[in-house]
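Novice: So TrEMBL lists the following for this protein:
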| type | residues | note |
| --- | --- | --- |
| DOMAIN | 11-131 | domain 'Thiamine pyrophosphate enzyme N-terminal TPP-binding' |
| TRANSMEM | 27-46 | transmembrane segment |
| TRANSMEM | 58-76 | transmembrane segment |
| DOMAIN | 204-332 | domain 'Thiamine pyrophosphate enzyme central' |
| DOMAIN | 401-557 | domain 'Thiamine pyrophosphate enzyme TPP-binding' |
| TRANSMEM | 420-440 | transmembrane segment |
Amino acid sequence: MASGSGAEAVSGAQLIAESLKAQNIEYMFGIVGIPVTEIAVAAQAVGIKYVGMRNEQAVMFFVFTFLFFLSHFVLFSSRPGVCLVVSGPGFLHALGGMANATINCWPLIVIGGSSDRNQETMGAFQEFPQVEAGRLYNKLSVRPSSLEVIPFFLRRTSIYGRPGACYIDIPGDFVNLQVNKSSVKYMECCLPPPVSTAEQSAVSKALCIIAHSKQPLLIIGKGAAYSHAENNIRKLVDLCGLPFLPTPMAKGVVPDDHPNCVAAARSTALQHADVIILLGARLNWILHFGLPPRFRQDVKVIQIDICAEELGNNVRPAATLFGDINAVTQQLLEEFGKRPLKYPSNSEWWKQLREKIVSNEERSKGLALQKTLPMNYYTVFHHIRELIPKDCIIVSEGANTMDIGRTMLPNYYPRQRLDAGTFGTMGVGLGFAIAAAMVAKDRTPEKRIICIEGDSAFGFSGMEVETICRHNLPILIIVVNNNGIYTGLDADAWKEMLKFGDPATCVPPVSLLPNSHYEKIMSAFGGKGYFVKTPEELQNALRASLADKQTPSLVNVMIDPQSERKKQEFHWLTRSNL
Ligand code: ADP
Ligand code: MG
């Protein structure tokens, strides 16, 4: 594959960099080493910013948030994130991130180095069957057959149809191999993903079903956030007077304080709705598969999704609107323009929902205002809510911390809440927060990033605090510390347990070391750390952290290790996100 006489030759590394540039990729994230370092250098040479990180999984989480948040400024779906990882262990560390991206439907390209082709099966350095391994985790897992076709695989797959991760395997010997530029194919930028609309007959059918509904409910999923459908969905809610319920990462597509938001009556809304308009949310575990007892047996589902295979999964829909959510809601709005429908705000359904909202909010308020020490989750979130800015980005992970935080902390803008997502992945928080803070630094320096972690969740990627301090990103991390996973032991109970033996035999597996001073990790790297036990200390620490717009901080909040969520009304509501 030597270059032809007189023709311009480029190396594999340059070709990859130029192909990415041709697709308008601005950033590459990764961890370099053999054999991919040259690719990062070539990317920088063509003007792509290279951001080095410490752990491949964090790189993947980082990339997604970067895109999600960046999408405030550019169209989200038009460009994938790009990651660069080394062979063998580097690739393997990245698999969790690839699975996370694919399961959450996030566009991602992972470029992985692999061993030289002439050493394959010989026990080469970090040799591993990467393409085969990548197949389970990606929409596409492939090794280009030649340098000339590399650009083909860097173009469309991650962003067309349902977005997902793609793995492109680059053997080490490809990196420095030369190719004649004139023989390279598919260099031009691919067109933005085509926007599809639903069949008109399906739109009319949906309208008819909604018009006859007595207890309608709109469920807004993160597909709606991806498709930037916030304006159209807001219009739909206002025009038709529909109650709506966001899924965790769709919070803010329509603001949580909109009068039609029935999040505080979630169970009642799901259980009694006779018609559900499902905007970009799968009927998976998060929505109890769309089945009884969470849903009515006879519920009519109007399903809107960009992925044909998703339509009719678990529940047979009454109408299927196959298309992009923004485009389909536009179609619905046009139809409603011709046949106006306003769902009456004095209906029995609204009355039932409002009563439930009031009683649930009362219960939370009661817990939030408890004065007993140690604090419970609701008290902590109450004070956080009082002090954080309305337009901050909220990153959250942990079991109770994430679930209770989701109900207690409102979102007012789309794409500003990030959490463990469909895959329930722990360890995403700091990567997400760093990414959001990097974008904010370039584009909206005033925006605050608040990362609210359970103590267990924080442990998965706590060392990224060094990355935060190295880049001087003014992230506020709040560790809601209950000394454990789900629940923990206080110092006295811990001591009692140890009388019977060592922690490996006597301490409940959910317990972590009581009163751990996680804030010292932050101060070790030059940020500010606070250890707080009372509402006053919490308020003071939050005020000081928010006032300082230059310095990263970590507030370690000790709560009652046995603090729990509110008692669920139904025995089948035991799973964390429900
Ligand atoms: P949630 O976690 O909010 O319930 P899911 O991740 O389960 O959401 O579902 C998101 C759905 O949105 C997926 O089925 C995906 O195919 C769909 N989707 C993604 N982007 C779009 C889009 N632009 N238009 C329509 N549907 C989309
Ligand atoms: Mg905990």
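Positions of Cβ are set from backbone N, Cα and C atoms, glycine also.
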Novice: Please list, for the domain 'Thiamine pyrophosphate enzyme central' (204-332), how many residues fall into helix, strand and coil according to DSSP.
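Specialist: Counting residues by DSSP class gives 54 helix, 24 strand, 51 coil.
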Novice: Could you count the residues of the domain 'Thiamine pyrophosphate enzyme N-terminal TPP-binding' (11-131) that DSSP puts in helix, in strand and in coil?
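Specialist: Split by secondary structure, the domain 'Thiamine pyrophosphate enzyme N-terminal TPP-binding' (11-131) comes out as 59 helix, 21 strand, 41 coil.
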Novice: As a test of reading the model: what is the averaged pLDDT for the domain 'Thiamine pyrophosphate enzyme TPP-binding' (401-557)?
Specialist: 93
